[in-house]
Every structure is written in structure tokens, then in C-alpha cells.
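Q: Per Swiss-Prot, the features are:
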REGION    1-23  region 'Disordered'
TOPO_DOM  1-492  topological domain 'Cytoplasmic'
TOPO_DOM  548-560  topological domain 'Cytoplasmic'
TOPO_DOM  633-674  topological domain 'Cytoplasmic'
TOPO_DOM  696-721  topological domain 'Extracellular'
TOPO_DOM  743-1484  topological domain 'Cytoplasmic'
TOPO_DOM  1506-1540  topological domain 'Extracellular'
TOPO_DOM  1586-1628  topological domain 'Extracellular'
TOPO_DOM  1650-1655  topological domain 'Cytoplasmic'
TOPO_DOM  1677-1730  topological domain 'Extracellular'
TOPO_DOM  1752-1759  topological domain 'Cytoplasmic'
TOPO_DOM  1781-1796  topological domain 'Extracellular'
TOPO_DOM  1889-1921  topological domain 'Cytoplasmic'
TRANSMEM  493-513  transmembrane segment
TRANSMEM  527-547  transmembrane segment
TRANSMEM  561-581  transmembrane segment
TRANSMEM  675-695  transmembrane segment
TRANSMEM  722-742  transmembrane segment
TRANSMEM  1485-1505  transmembrane segment
TRANSMEM  1565-1585  transmembrane segment
TRANSMEM  1629-1649  transmembrane segment
TRANSMEM  1656-1676  transmembrane segment
TRANSMEM  1731-1751  transmembrane segment
TRANSMEM  1760-1780  transmembrane segment
TRANSMEM  1797-1817  transmembrane segment
Amino acid sequence: MEASSSGTAELPRSLSRRAPSRATTMMIDRPNEDASAMDSELVPSSLASIAPILRVANEIEKDNPRVAYLCRFHAFEKAHRMDATSSGRGVRQFKTYLLHRLEKEEEETKPQLAKNDPREIQAYYQNFYEKYIKEGETSRKPEEMARLYQIASVLYDVLKTVVPSPKVDYETRRYAEEVERKRDRYEHYNILPLYAVGTKPAIVELPEVKAAFSAVRNVRNLPRRRIHLPSNTPNEMRKARTKLNDILEWLASEFGFQRGNVANQREHIILLLANADIRKRNDEEYDELKPSTVTELMDKTFKSYYSWCKYLHSTSNLKFPDDCDKQQLQLIYISLYLLIWGEASNVRFMPECICYIFHNMANDVYGILFSNVEAVSGETYETEEVIDEESFLRTVITPIYQVIRNEAKRNKGGTASHSQWRNYDDLNEYFWSKKCFKIGWPLDLKADFFLNSDEITPQDERLNQVTYGKSKPKTNFVEVRTFWNLFRDFDRMWIFLVMAFQAMVIVGWHGSGSLGDIFDKDVFKTVLTIFITSAYLTLLQAALDIILNFNAWKNFKFSQILRYLLKFAVAFMWAVLLPIAYSKSVQRPTGVVKFFSTWTGDWKDQSFYTYAVSFYVLPNILAALLFLVPPFRRAMECSDMRPIKVIMWWAQPKLYVGRGMHEDMFSLFKYTTFWIMLLISKLAFNYYVEILPLITPTKMIMNLHIGHYQWHEFFPHATNNIGVVIAIWAPIVLVYLMDTQIWYAIFSTLFGGIHGAFSHLGEIRTLGMLRSRFESIPIAFSRTLMPSEDAKRKHADDYVDQKNITNFSQVWNEFIYSMRSEDKISDRDRDLLLVPSSSGDVSVIQWPPFLLASKIPIAVDMAKDFKGKEDAELFRKIKSDSYMYYAVIESYETLKKIIYALLEDEADRRVMNQVFLEVDMSMQQQRFIYEFRMSGLPLLSDKLEKFLSILLSDYEDQGTYKSQLINVFQDVIEIITQDLLVNGHEILERARVHSPDIKNEKKEQRFEKINIHLVRDRCWREKVIRLHLLLSVKESAINVPQNLEARRRITFFANSLFMNMPSAPRIRDMLSFSVLTPYYKEDVLYSEEDLNKENEDGISILFYLQKIYPDEWTNYLDRLKDPKLPEKDKSEFLREWVSYRGQTLARTVRGMMYYRQALELQCYQEVAGEQAEFSVFRAMASNDENQKAFLERARALADLKFTYVVSCQVYGNQKKSGDIHNRSCYTNILQLMLKYPSLRVAYVDEREETADAKSPKVFYSVLLKGGDKFDEEIYRIKLPGPPAEIGEGKPENQNHAIIFTRGEALQTIDMNQDNYFEEAFKLRNVLEEFNKERVGRRKPTILGLREHIFTGSVSSLAWFMSNQESSFVTIGQRILANPLRVRFHYGHPDIFDRIFHITRGGVSKASKVINLSEDIFGGFNSTLRGGYVTHHEYIQVGKGRDVGLNPISIFEAKVANGNGEQTLSRDVYRLGHRFDFYRMLSFYFTTIGFYFSSMLTVLTVYAFLYGRMYMVMSGLEKEILRLASPNQLEALEQALATQSIFQLGFLMVLPMVMEIGLEHGFRSAIVDFFIMQLQLASVFFTFQLGTKSHYYGRTILHGGSKYRPTGRGFVVFHAKFAENYRLYSRSHFVKGLELLLLLVVYQIYGHSYRSSNLYLYITVSMWFMVGSWLFAPFIFNPSGFEWQKTVDDWTDWKRWLGDRGGIGIPVEKSWESWWNVEQEHLKHTSIRGRILEITLALRFFIYQYGIVYQLNISQRSKSFLVYGLSWVVLLTSLLVLKMVSMGRRRFGTDFQLMFRILKALLFLGFLSVMTILFVVFKLTLTDLSASVLAFLPTGWAILLIGQVLRSPIKALGVWDSVKELGRAYENIMGLVIFAPIAVLSWFPIVSEFQARLLFNQAFSRGLQISMILAGRKDKATSSHK
């Protein structure tokens, strides 16, 4: 038996021999898991088929242990047969574990039903069949029957191995045949159990589902394929060949689609048809689809295909002969497309490739159905081709997949140039030309498309394997890393800006400065030179198009090449012609007056230049005219007329995408007006503030003759002081190019604010506003959120009002209950906020008690103090407050009913009847104040309150309770009759006289018979609680609810009801939709260990949250007081409570499942109508058959309309993993599936399928749902290869799971999002936006939704980020959608038109690196393909954001990287060229333009400081200031002041202030603005400016973009100095120190005036930037200035800096490893990137060149020799340092004496040299300091150049020296940055101030942040669970 686990072929039938004494390894690290239950889940992937057997064994173990043992033995045998040598991963360990277990069970288990195993298993099988299957068919649900049939099938397989075939008795065999026959009907299903019998779920009984299923099952007259099968073919395959249930199975039999794919798409198409068919259809019963249903679905599905055929001038293969069954054929075509799409895997990203496949397969279908050979008769036809269920995958998808994968390998893990490999877009665009038909059908694998220029050999199969040889050319576009892309993509904008700048300079230069000077003939003539500039720029654009697309030329059509060459030739012609013409016109000047007056004269008299310009601008004039008529332009783009095609060919290259994107006239007018106003403001500001004031000083500088320089001037005779002019104008030009972004921020803020106000945003923003408008909320609710037939009713009668209240109360109460379950509100808040569900008992509307709180006590006091004589006056006072009036009437009527119900004695009731009659009569007759003593009311109120308190209290002794109740009630009666009623004794007497049994009346006390059992009745108890609240709540409920988040949600929900949203359709009419969430390895649910694990400060997550959310923690503890909850549940509740406050998958899933909860409530309201009982819905159960039917129907409709799929890509690996985190992720995801039965999980399953002694990996897309205890597999679809290795992770993850989504809409939700029940209720309204008629516009394809950032509650950083993000997702996207019309898709809660997008490439793009920001490309793609994106703010979805500086910076870096890659992409190029001019401006400034402007802001500072340094060091500044007035350079400072606005983050703050003002009031906005400034928001934004500019620039130059996972945890932890240094060294610290050096040099050597306020502002702003970049990470680092942590940080930093690196040493451990990683981008950059990097490094040599001439030792010499000698000194110093370093290495250990002698000699030499320099050459200490300033930058430049030239330097053998130089610089930089921190850490007040700064939000809420920071905690509190 030992051999069995090690590889022998034979397997013994008995386990009597001992197994090897190897320890079980399979169950290691599986805490809290039942081993017997889990073994089925730990099966190695290569043995996956035995998992069901082990599950069955576990299932039946309690029932019959012996049969369970036999099942396990069968599993072991099967495993051994599958992998006899145990070669698969984990197989040996698993078999060993199973063997041990079998040996143990063989001895422990004995047969129970018979004497031996064969009889035992037969008896058990028969019992199982009779007990569960036979009886269960009519009583059990399909999912239960599926499980039972699976068990029965497995049991029979086991039985056959135990019992020889002849000995299986007849009964067993008959049962097994019955199981086999019916098994297909009971397979695990997703939503529709289509073939189930017996008890069918309500969903399959819906008429629309029946009709759709019937249509799909119509296989009449479809020919059957007959194949000559080999004689040994199994019977199952033969049966499968002949049995066809529906159209999809017929297609599968013809083309070989997988079974899982067929089942998946069958349900998909049935649900699509059912949902479309029921819309606007009122029939309750029908069995046929509407003819229009299938036609409409077909039109939508094939709109893209028709477009593709038209573009390629190919005839569509969607053919319909006259005599065909059209609906059947339409369904065949739709099903075929969906089956192709469902199995296409990564090819789904190539929609036109799918069109090509469908085009050919549709032709095949037509051939099969309507060929001349075979009539459509339903007969079989013969064929030699054998089709199995993987034929389509093998012959069609896999070859294309291999091409994609081979190209992806060229990417070399994202390091190769984009031009070296073809991405998804390149391969897809191959199918945009007719040459795609050369691929042929069936696919010709020798076609050019499939042939790589170098075939990849099997040994090169690893993903990043380097491939050799030339790559194949790109298609249509080449992504090249260069900043020229910005000009190439947006050439019209840059040409406009350059021309405008030139025109303004000319006008300012030649005239008086007035814009009217342009009409002067000389000025106008010169202004016309802007067209020469335009011609040159156009030539540049034409050249760039040729150069940058060079790698795609081989794939270009001749017409494309011709166009590029002609464009270049024409541009070149104009670039030559216009300057020549202008030079001619100089001799014959022409003015504007003469020009216009002689226009009709002889052209020969006119300037040739004028005519040339006229012809030059003619195309632009035509384009402008077309721009004004968008429909005409759209028609031209889509036209097939040859003249128009020629014109459009010249205007823009013909492309499949980007046609007809022009907006309607009104939209055009709106965004054109926006931009014209903006550009006028910008240009006027530029002209009058920046350009015009600088003209005069420029002229003066150009006229100065400067002969004295302070350095060696290379061009001493250069005219006009051109260097100074460049130094002064460079910052001005940069600000001019950048400040449009500032004007955009201003205008978008204004327009966005106005648009938001007109959208009714923020009309209800406080609880006071809520109260004042609450009466109108139910009506608004009915109008917006109830189906339209109800909303149209006139609100005139009480019935309608009551109906409004009933519908509203159900939803409102569920909303309140959901907030209570989330612990947002307390029990008291809940009671005060609920609307009574039994509201028909009283004559007035019953409002929530929080509106009526304190109204009764106030009314009582008012009546007590009333001095008037008339009832009417008192009642008028009460009625003046409507809520008080409602409260008084309700209290009186409710009290009356409560008392009547309590009293059992008829006589007592008569007494009370007399009392109430007296009250009613006195009010009618207006003598109330005369009949009643008002002074007695307070006493009565108090006593009633006490009575109700006792009534509601819990009691143990019924007698005591009853006596207390009676006593207090008698007191109440006494007060009424004696203190309140003036004639109380008369009333009592009257009641006694009217008693029918007065003579027989017993001598007993009144009011002793009270029915105390009524309290158990829920509805009655609700009334008592409500009345008690009305009487007892003395204070105003103005602060109910207390929780800020609860307030925000209530006010937003109430406000949204008054906003413009579509009317709600009936549930059956609403669009069906899915939600898709991609998940990788993030936290699902925190474990108990996670909750209590303490960080270095002794803080656990639980403790932190207890302190941050104290009210929610208290509410949670109150909720746990329910004695029914077991302890186990309490610990689970604690984990959930913590997880729901983090950014976890559990939080996201809970939020998304609110959709289903809301749908079920809406369905229930509609189905049940007036019979709806809220208590039944809340319990989701009832004994009433009608109510049961209502609930079942509600669930069915919810299933029909909503699907939620979480794509857990690595769930399968997590399931098998031994890692604790992965394992917990698996168990938590499983728990989510079990908790939410409608949740579906998709994952990629990796299996090793053993064949020929190999275990190749096979990949599947699998869909799961929760079963009884474990997950249940629904669909399994084989993939052509690993799907996630080709593109970016997230879009690939979405793509593999998108096939399992359903419906017409798809919402993409990230796993850091949340949702709210009340918002989920609005979803059907939002989905109606897809059907909303829009004048002149297309229907939307993406609906953008508003987001609420839920992570801004504590630290200032979280608050800044939350506000910044909130402003972007509200006012930012509002303005993008309307008026600018450039909103795309930003990742999170957007809702896609699902069919539109699945037929056009999906919801995102996935090419490696270029599509790093994958989500926005989904929006680009949608827009380019004719989509239309909107934005809606009446609904919101929660979103988490990063809350610490480091995670925020990583996120910003990721986004900046993504924008860098976007700049290179074809999508941005196409949008930039296809949009009209103004929409293109919107597109630029709201996407990559923002990041380029950020970079320009930083470059402006550099340009200013380096320009000033040039002027200072050369001596030019000194000379200019001596000869000129200082006030003449103010324009430069004004321009830089503009730039600093951007730098300080005011651009971010403007939209924030506007949005906060809109939604919370402008007073709050202004206060928040000032608080943000006090909390150093400007430091934060300035710091982020550095992050954006660094990563954006580096990505364009060198690439190296990668997905950066960001922190989703809690923030309060201290980041070490070394960690901050690693993160910010290159992006901020180096640049900050460079600017510091520039400022210091300027301060030392500059001679500038210092009086100007603007100068001071600019200087301060630049110092501010330096300070922010160097110290922001430490200012925003918790405990950043605590002395002990500072000491620890220094120790850690020194250790990190000193440790040597090497292979496998992480960057956190060694500086050397980090240093190598930091240069990674330089290894893979292009030669262009290397040259640019070296060029940029040369700027550091300027310091040395400038400073050496300022030294005293130079003796004022201007000879170049001085600079040369300085290099000798520098190189000598470096050589000495190198000698010391080498000496330490060679002699330091073994020859210590030699090393000391060497050091002494060097020291003596140094002293000698210094002495000579001081004495002979007059060297000073100042010179020494200046030399440090000179040589430090030079050394850094050498280091930078050395890093770029790493390979040659390594070859020279001096790389170690470069490395040591690098380490020395890191030491210096670290010391400079660390020193101020160390000094400040000495002062404890600094640390306290920092804590206040960081956590002001928490302090203002009274939170114990100091305890969190200090790590002190109350153990009792934190351990309380």
C-alpha cells in the first residue's frame, strides 16, 4: 500500500496493510475548519473530478458512515488511476492524507443495513432514492433536487465499483436509470431552473419567461447533423447527438460550442427576451413573444455588425428568405452571436474580430438552413466532420488567442516600447480593412494575421520571455513616448494659442497698446504673419504624423500613405509660399482699409500675400461653416458619395470609429458660449496683465549695450541681449500656455454652481429644512418613486393621501430600519423616525414622532397658561403649528382606542365613553375651556406617561405588574373626574344610571379588569410606544438623528425627491440590470485576529473604530443586548461591524444587495397592492397563502431584474492556498455567498489535467453560487489560455466575468464602494434615463452617477482628499456632462448600456501599460463609437478613498502614470482630432491637459529661477538694474503670481467651495475654506502638484507605468523616515533641494530690488513650494515630531542606508536594492529618453560655471581656464575620495597600519594644498562655502549621467564608484531633510500642535484622538465584544 501514494500502477482493494507513517499535510494551517467537511474543498486541481465524490461522502456521513467510507475509497481509487505517479502538484500529499483517513475509517465503520458492503450500499441507495428523490419531486425546490440527484449519481458510480454488474439487483438498476433520465432537469442553475419539474419557483411561471423559453425551444424544421461515429462511441454521446432541446443546442451541435457556454447563454437570451417582452404589456397570461421583441433585440445586438459591414462595403450575412420562420431565424442569429461572444475569452476585447467570426458563421448557418442541397425540413444530413463541444474553442478562438498572447510576450512585462508589439487595438483594427477577409473561413492558420515574424518556440512559453527578430507593424497608429504627442493630438489648440500670443505681442509691440491698433495698416500687415507661423506649425504636424506613425506604414493602405505625403507636401508648399509672399508685400504695404475697399478691384493691384492668406484660410472657413451645422457634418462623415468621401478623406483619415460624434445645435451653442467667454477672459488678462506691461522693458533691454560680464561669455557680441529676453519671457510663455487651466477652474465652478442650483441640489440640507418640507415629501415620493399610474392621481381626497403615506411609510421605515441595522442610529432615534405602519386608525396623518416631539408638552403648557375666553382662540393657537395640531388629535384618538381596548368590563367602558363624549361635545359646542380645568392637564399628562411606561415595561410577576397598572390607571381616572372635569361626579353618576344591570351591580372597585395580554400584539404595542413618545419627549427632537452620516443620508434622500428624475416604471417594465465588481486579494471581512492586532503604538483596529465612531459603537452594543443572539453570532457581528467601516468586499456586497432588497419591496408593493403588510415583508414569511404568493412573486421579479456578480479572479487559488490571508479570503467569500443566495462569484479556475505523464494547466471561467454549506458550480467554460496574463489585471478580471452578467444595463462597482438602501430604491428611475427621449440626441450609453466619499471623517488629509474627490465626482462631472459634453467613464458606479458595450469591446480596455487607466478608456471607446454619456445627481453611491499621505501619493502617482499613457494613446489622438475645436478644448483641459498644466506650473518655477540665475551669474541683472527702472519688470511677477494660484492648490479649492456652498450653505463653505488653509491644505495640494508633474513627465519620457495597489486600511500609523524617503526622494526631495539651491544662490548673488509686494509674494510662494516638497510627508505623518520616534527613524534610516543589496534583498531592507529599482525605467527607455535625460542633467553644470567666476580666488578673471581649473580641483577631490575608499577595502581589515599611513599622507597633502591656496592665491572661507554650492550640483549631474550610461560605465569598471557617489549624496540629502525634523522634535509643543493640525476634524467632534495617538487604551473597552 505504500506504493499507492508513491506511484505504482496497481491499487489494492483493501486497506489492511499499514500506510506510510507520513504526517498528514493537507490540513495544516486550517484553524476552525472541520477536517471532514473540508477535504472535498482541498482536492488538487488535477484531481478536481473527485471533489463531488468527497462532498457526497461528507454529506451522507452522519446518515451512514460506512457508505461514506466506500465513497472516499472510490475517490482514492479514481485519484490513483488519474495520477498513478502522483506527479501533479499536491497530489502526493492529498493521497497520503486520504489514505490515513481511510485506514482509520475501515476499522471504525461497520455496515448498518446489511452484512457486507455490496448489500449495504445497495440498501442505502434504495432507501435514499425512495426517501429523498421519489417523495421530494413534488415537494422540494429545484435547487434541493439538483443536490439530491447529484448525490444519487455519485452513489451509483460508487456502487458500481463495489458491486459487480451482474449482482446489481433490478430495483437498484431501475432507480439508477430513472435518476440518469431525469438528471439533466435538476442540474444546478443560476436564475432559471428551466427544465425543473415538481415544485417550480415562481420565476419560471412568469408568462414572459414561459414565452421566451418557448421561442428559444422552437427547433422545428432545423436540420440535424448525422455523423458516422466510431463503434466504441459512448451511448451518452450518441444520445447527445440526437436530442436537441432548443436553438442553442442546435447551434452547439453544428459548431461545437461548450456545454457551459450554451447553458449560460440560454439563460441570458431568455432573460433578455422576457424582460423586453413584458415592457408596456399588461397581459397577465400569454404564451408568445411580441413580434417586435425579437426584432428590437436583434437591431440592438447587430447595430455594430451592420455598421462594420457598411464600413467594409460587405453585404451583411443576416439574411431572411421570404418563406422562413423569421422569429426563429432571428433568434438563431442572436444566439449565435452570444455563443461566440460567450466563448471568445480575451477576443471579446476585439469586437470587430467577433464581427468577422460571426459574419462567416452566420453564412454557414444560412448555408445549412437554406442551401440548394438541403431543404429546411428538419431532416438529418450526413457529414464527415466530427464536432465536439470544444471544436469552436479549438479551431477559432485559440488560434486568435495565441496571436494575442504571442504579441503580449513581446511587451516584456510592460518594459518594451509600445511600437515593438501589437496590442488589442492593433489586432482588432486589422479587421477594419478588407484584408481581414484574407484570413479565410475556416481560419487559414498560414494567413499573414497568424504568422509571427519570428515564431515563438515552446521553451519560450513563459509570459515575459524575450522574443527575437523584427516585430510586425502596428495598425493605423503607433504609440511613441514623446511629448510631441501633446502637439500632435491637440495641434489646433496649440496653433491657436501660438497665433493668439504672436498677434498680442505684435499689437503690443507696434502700437500704443490699445487693441484698436490692429486696424492700423502696418500693424494689421504684421499681424497677418501669424499665418506664416500657422503654416510652419501645420508642417510640423504633418511631419510628426509621418515620423511617429512610421512603424505602421507597412499596414497602411495606399490612400493613407498618399494622404500623409500630400498633407506634408501641401504644408511644405504653404510654409515656403507664405514667407516669400510676405517678403514681397513688405515693399508694397497694404492696410486693412485699403484691403476691404479694393476687395472687388483688380487682383493684380492687391498684395500677393493677401491672396495667399485668403486661400490658406479657406479650408478653415469651410470647416467653421460646417461646425455651425452639426447634422450636416455628421451626414458627411457617414456618407458614401464619392466627392464627399474625397473631401472627408482630405479633412481627416477615414476610420471605423470617431464618425458622427457631433452634438446637436443646443449642446453646441452651450459649450461654444462657455469657451468663447473663457477665451476672451483669458486673452484679455494675458494681454493687459502679462504681455503689454513687459513690452516696454523688453524693448529697453534689447536696446541696452552691455559690455561687462561676470563670467566667460561665449557670445559677447550677440545682439539685443537675446539671452536676457529669453530668460524674462520664458516664464511668461509657460504661464500663458498653462493659465487656461486656471480660467477653466473658475468658469467650471461658476457654471457648475449655477447648473447645480437649477437642479435643486442642496434645497434640503439641514434637519430644520427637512422638517419644514416633510409634509410634501410623501407626495413627492409618490410622484417620483411610485409607478406613473399612481403618480397621476389627483391628490384631492383622503384616500389618496392615505395611500401616499402607506407607500411612503413602507419605504421610509425600511430605510430607517436599515440605518438601525448599520448602527447609524440608536433605538430611540429609530422610534422617533419611524412612520406608523397601522395608520388607518386615526383621522389625521401620523407623522414620524421626531416631527411631533415636544408638541404635546408645549400644547399642555399652552392650554394651562391660556387666559382667553374662547375655545376658538386656543384651537387657533394650536392649529398655527400644523404638527402640534396633528399630535394633539392623534394622541387623543389613540388614547381613546388604547383605553377602550384595555378595559374588559362594560361598565368601565361606559364611564370612559361618557368622559370622551363630554370632551367631544364640549369641543363641538365651543365650551371646552368652561367644562374642563386647564390647570389639571400637566398632572394628567405626567400620570398618563407613567401609565404607558408601566404598560410597556417587562414583567416577571404578572400579579404585581397588573396591580401597578390598575393603581396608576385609577389615578388617571381620578385626575380626569376630579381635577380636570368641572362636573366629573355628574358624569360618573350618569354612567352609573345608564347601566342596564344597575340593580345587580357588584360592590367592587372600578377599572380592575384590564387586559394586559394586549401588549403582546405588535400593532397595538406600536401604538402605545408612539403615544408614549408623544407624551414623554419633552425636549425638541431637532438633533434627531444624532449621527452626522444618518443626517446626511436622510436630507439627501429627501432632497433628491424634488430633483428632476424620470418617473418610476412598474417593476416589470423597468430595465433589467447587473452589477459587476472585480476583486483580487483585498480584505473581505476582518478576522478576530485582525480586529485585536496592535500596531507599534498599541492600537488595534477595533480600538481605533470605537474611538472614531463612539455613537455607532454604543448603538452596536445596544443591538447586541438581544438575549436570543448566541455568542457565536455576536463575534460574527463584531467582525461585520468593523468590516463595514473599512474598505472591504463585505461592505460592498452588503451595499449592492440593497438593490435586491429595494427591488423586493417595490415588487411586493406592486404585487400585493392594498393587501401589502409591512410586517410580512420584513419577516419575509407568512402563514397566509396569498401573502406567501406575493412574497414568491416579489422574489421572482427581483431575480428577473437584478444579478450581482463578483469577479474573484483568484478564488480558486485562495481555496487551495495554505496562506492564512488567502484562506480567510476564501472562507469569507464563501460566507458571503451563503449569506446572500442571489450573489454570484466568478473566478478563473486553473487545473492541471494529467495527460501523457504531463500536467498542463487548463483554465476555465467558472460561476458559483452558495449552496447548503459550500459553493455550487453553475457554469464552467474552458478558456484558450490564462486570461489575465495578457492585459491589465482589472479589465481582464472584468472581462472573464462579464459573460455571467445579465440584463440590459450593467453597473461597474469597485470593491471600495458602498451603497445605501434608500438610494437603491431610486435605481429603476435612473435606468429610465436609457429610454428618456432627448431632442436631437442619441440615447445615453453610459449613465454617470454621483458618489459620496465616506472616508473623510477623521484626519485633515482624509478630509482634503474627500473634498477634492467629492468636488470632482459632483461639480466636476456635472460640468463635464453638461454643457461641455466630454464626460467619459471614471471607473466607479457608472451604469452602462450593456448590449451596446458588449458588442463594442466591453466596459474597459485592457492592453498592457497603455490602458493602465482602464476605466476611462471604456468612456473613450463608447464616445468614439457613437455613445453618449450623461451624469445624474439625484442618486449617490458611496466610495472609499485613501486616507494617509503615502497611499494618497501612490494613488496620485497611479493616476498621473495613467494620464501619461493616455497622452500616447490612439484614443486621445482620435478624440482630439474628431471633436470640434471647443469640445476638443474641453476634452484636453479635463483629462491630460490638467496634468500637463501641473507640469508647466513646476517648469515655470524652474524657468524663472534658472533665468534669474543666468542673469545674476552673468552680471546682466546688475547691469540692467543699473541702467533701467525696476518697475518695468512687474509684468513678469504678475504672470508668476498667476502661476502660484495653480501651485497653491486654489484650483482644487474653488470647485470644493462651490459644491460645499451648494449642498451645505455658503457660510459653511467659507468656514471650511479657512479651516482647510489653517490645516495646511495648500501644503498638501502643492505637494500633490509635485507628485502629478513628476510621474506624468517620467511616464511620457521613459514609461515604467504599473498598477500601484493603494492602501485601503485605517490611517493612524507612523511612517518611518526611510519609508518616506524611498517614496518621495526622486519625485519631491531632489527637486525641492534643487529649487532650494537655486533660491539660495539667487539670494546670495542676486542684486534685485526687494521692495515690490508681488516680488515678495512670488519669492514666498517659491520658498513655500520648497518647504512643502521637503517637509509635507513629515508634517502629515502622525507622531512625525515625537522625539522617540524621530530617534528610531534615524536609527532605521542609517541601517537601511548602510545595508548592502543583492538578489532577493527587498527595497525595504537595503538602499542598494532600492537604488537599483529606482533606475529601472532608465534600463528600458529609448535612446531618445536617454539623450533627453542627459540633456536635462547638464543644467547642474551651470552652478559650477557661474559660481567659480564669483570666487575671490579667480581674481576677477573671465578666462575659460578658470572653469577648466575648477574641474581639475573637482576631479582631484573625487580621486582622493576614491583612493580612501579603495584603501579601506584593501587595507582596512588586514593592513590597518598601511591604511592609517595612507590617510595621514592624504591629510598632510590636503593641508599643504589648502595652505598654499589661502596664503598665495588669497582663498577665503567664503570661497570654500561657495565651492560646495558649485561642486555639489556638478557631482549630482555626473551621477545622473552615470546612471543613464550604466552599461558603458560598468564595462569601464567604475560602476562601484558611481554607486558610492550615489550613497554619499543620499546621506547628504537625508541629513539636510532630517535635521529640521530632529530640531523640532525637541519641543513637545510641536508634536501637540501637529496632532491638532492632523486631526482637527476628530477634535471638533470630541473624539479621543489623543488616546489613539498615544496608544493608551482601556483594555476592558477594547476587549468587549
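Any Cβ shown, glycine's included, is placed from N, Cα and C.
Keep in mind it's a predicted model, so treat the numbers as computed, not measured.
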Q: Would you mind listing the long-range same-chain contacts of the transmembrane segment (493-513), meaning Cβ under 8 Å and 6+ residues beyond its ends?
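A: Sequence-distant neighbours of the transmembrane segment (493-513): 486-487, 520, 522-523, 526-527, 529-531, 533-534, 537-538, 683, 686-687, 691-692, 695, 699, 733, 736-737, 740, 1477, 1480-1481, 1484.
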Q: Is the count of Cβ pairs under 8 Å between the transmembrane segment (1656-1676) and the transmembrane segment (1565-1585), pairs 6 or more apart in sequence, 3 or more?
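A: In this chain the transmembrane segment (1656-1676) contacts the transmembrane segment (1565-1585) - 3 or more Cβ pairs sit under 8 Å.
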Q: Tally Cβ pairs under 8 Å between the transmembrane segment (1629-1649) and each listed stretch (722-742, 1731-1751, 1760-1780), then give the stretch with the top tally.
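A: Most Cβ pairs under 8 Å with the transmembrane segment (1629-1649) come from 1731-1751.
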Q: Give the nonlocal contacts of the transmembrane segment (1760-1780) in its own chain as ranges (CB under 8 Å, at least six residues past its ends).
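A: Distant contacts of the transmembrane segment (1760-1780): 712, 1744-1745, 1748-1749, 1754, 1798-1799, 1802, 1806, 1827, 1830-1831, 1834-1835, 1857, 1861.
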Q: Any residues 6+ beyond the ends of the topological domain 'Cytoplasmic' (633-674) with a Cβ under 8 Å from its own?
A: 307-308, 311, 352, 429, 432, 476, 559-560, 563, 566, 619, 623, 626-627, 747, 751, 1335-1337, 1378-1381, 1421, 1423-1426, 1470-1471, 1473-1476, 1478-1479, 1482
Q: Take every residue in the topological domain 'Extracellular' (696-721), average their pLDDT values, and give the whole-number result.
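A: Averaging the confidence scores along the topological domain 'Extracellular' (696-721) gives 76.
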Q: The topological domain 'Cytoplasmic' (548-560): which same-chain residues, six or more beyond its ends, come within Cβ distance under 8 Å?
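A: That would be 419, 430, 433, 473-478, 480, 482, 484-485, 488, 649, 653-654.
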Q: As a quick check of your reading of DSSP, tell me how many residues in the topological domain 'Extracellular' (1677-1730) are helical, how many are strand and how many are coil.
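A: Computed counts for the topological domain 'Extracellular' (1677-1730) are 33 helix, 0 strand, 21 coil.
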